[in-house]
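Undergrad: Residues annotated as Mg(2+) binding site in Swiss-Prot, with sequence analysis given as evidence: Asp487, Asp493. Swiss-Prot lists 554-613 with the feature domain 'KH', giving sequence analysis as the kind of evidence. As annotated by Swiss-Prot, domain 'S1 motif' applies to 623-691.
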Amino acid sequence: MFNTHSVELDWGGRPLKLETGKVARQADGAVIATYGETVVMATVVSAKTPKEGIDFLPLTVNYQEKTYAAGRIPGGYFKREGRPSEKETLVSRLIDRPIRPLFADGYRCDTQVIVTTLSHDMENDPDIVAMVAASAALTLSGVPFMGPVGAARVAFVNNEFILNPTLDEMVDTQLDLVVAGTATAVLMVESEAKELPEEIMLGAVMFGHKHFQPVLKAIIELAEQAAKEPRDVVATVNADLEKEILGIVEQDLRKAYSIPVKQDRYAAVGAAKDKVLEHFFPEGIEPRYEKLRVLDVFKDLEAKIVRWNILDTGRRIDGRDLKTVRPIVAEVGVLPRAHGSALFTRGETQALVVTTLGTGEDEQYIDSLAGTYKETFLLHYNFPPFSVGETGRIGSPGRREIGHGKLAWRAIHPVLPAHHEFPYTLRVVSEITESNGSSSMATVCGSSLALMDAGVPLKRPTAGIAMGLILEGDRFAVLSDILGDEDHLGDMDFKVAGTEKGVTSLQMDIKIAGITEEIMKVALTQAKDGRMHILGEMAKALTAARAELGEHAPRIEVLQIPTDKIRDVIGTGGKVIREIVEKTGAKINIEDDGTVKVASANGESIRAAIKWIKSITSEPEVGQIYDGTVVKVMEFGAFVNFFGPKDGLVHISQLAASRVQKTSDVVKEGDKVKVKLLGLDDRGKVRLSMKAVDQTTGEDLEAKQKAENAPAAE
């Protein structure tokens, strides 16, 4: 019934198996990839006819994790998987980025790649397995895909690179880098690093590229057994059309792409486009070409003219040379009520970044296949349509916003203080108010400034820069701080973030083959120079974290209590802790290990809550004086609540210095008194004294008497 084919190899010390022909046989391509005991299924379906009226590849990639893969049932009311998690969105992008450039030019058939994690062994992260499975399914599908693509994760532990580290090995790593590419080229890099030098980052990229070569061979071997007949893609020859359009608007486009202001430039390009459309589509005459084809060629010519100008003159669209960074203005403290804020402007790109300090109650609970954990650093990136002078949708963040936010998160995360040193939940929000390239790196710069403005003690300020590359034959140009147009028209764009010490994040997308290790080395060196310049400009606003937290930020104090006292602080049904919170106004968070975090914007509120907690968890000391409340009056004395839930007896003989006939003559229930702990009687009952304490000042009268008698005795 099944015509199965499979290949197996040892990869990174674990078996990798790729199998097809048994599951999802109605898809154009389907592969089950097994790595250790992590199992991922990838399917590809592509429409048989092109989609009309579009000039792009209609490709959709969906990665999904099923909770049954980890032997769990989803939470929530409906008990089934819902909207994609952040990780699912990020892995979908990881799969999409290296495969998209490899589809044949002009392919316009709706294509959907669905990748599903079926089993997770808690050792091997499914993301790399998902990338391999998707590549294999595309290679088998008959879709015009110029792959296969391989992928690998690289860690750096004890000065050594590790291929596809397990989840346990990732705990100690200084680097988390994912690299993908073909046999001859690197296509994508995504990483987070602990301030590593550029040489190690590049070494990790080449290490990963070298070690996923066996996977490429395995996919090719499987394709030789089971690949479908490749689909025909008719390449459109546009040489004559291109020559005709050049004759009409070449000079117009060259002038347009020398206008530095984005909106003015777009207007000039639009006028050139209208001129072409008027030429090819006059009223009342049958057109010689399809409109979409003319516009496609026009767009290609835009790219060529920009590239020619840069390579021939060394000058860019806005007049800069290859290495110059646009003018920078950095400001902090721009919002009066925010805990920390910054406005970072670089040319026509601008980010308003705001930091908010929160408590343990604000931590984000993340439910993943590997288990539930709490995240104390959140970074959210918003890209409203007005930032590019357009109208558009406003609502929940899209994939691009989630991806850019995570890139900035990776750049900042390595320089944050340890949570036990700075026990706050941090939320950073970047509002992109203007955009003309590199808004994610503006977010990195603005986030660093806003965090320091809030008093968060970062290890070092962090900056980011977006780089571009244009390659034509043996000629190439590396561009620092690219514009939006240069991003679209170049062959490689990569973003590097870091401190003066080293790189914290590197993201790279390469659109063509032929980019060598030497070219990447030149690009990384130029990026470092640009980063240092940006750090210098940021230093004009702020060089380190402010010594004090913002006026409106909460204060957090941390104390440790014995774990067996946690129940006493919480009380039956939370009664005690609710009372502390209500009466002091402080927020209290208690961890299972006895760590207690007390937070409030009011220092007095924190001190009152801590005093209350200590009164519950500490043992009273003999000879110490305590504030108390009379809770019961008896003939023989009064019971006083003096140390949290603890009560003690003030015998009638200890109520006052003079003889007392009736207890009620001195105290009544509810009276606030000061008592001294005398000790325990034979039955273990607490003995207290009021007469040993000045009820007005709280002074220890016994100690005072002893001090006065001491000189007389001498």
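Cβ coordinates come from backbone N, Cα and C, glycine included.
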Undergrad: According to DSSP, does Asp493 (Mg(2+) binding site) sit in a helix, a strand, or coil?
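TA: Reduced to three states, the DSSP call for Asp493 (Mg(2+) binding site) is strand.
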Undergrad: What is the three-state DSSP composition of the domain 'KH' (554-613), stated as helix, strand and coil residue counts?
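TA: Within the domain 'KH' (554-613) the tally stands at 32 helix, 16 strand, 12 coil.
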Undergrad: Run through the Cβ atoms and count how many others sit within 10 Å of the one on Asp493 (Mg(2+) binding site).
TA: 21
Undergrad: Within the chain of Asp487 (Mg(2+) binding site), which residues six or more apart in sequence place their C-beta under 8 angstroms from its C-beta?
TA: Gly437, Ser438, Ala466, Gly468, Asp493
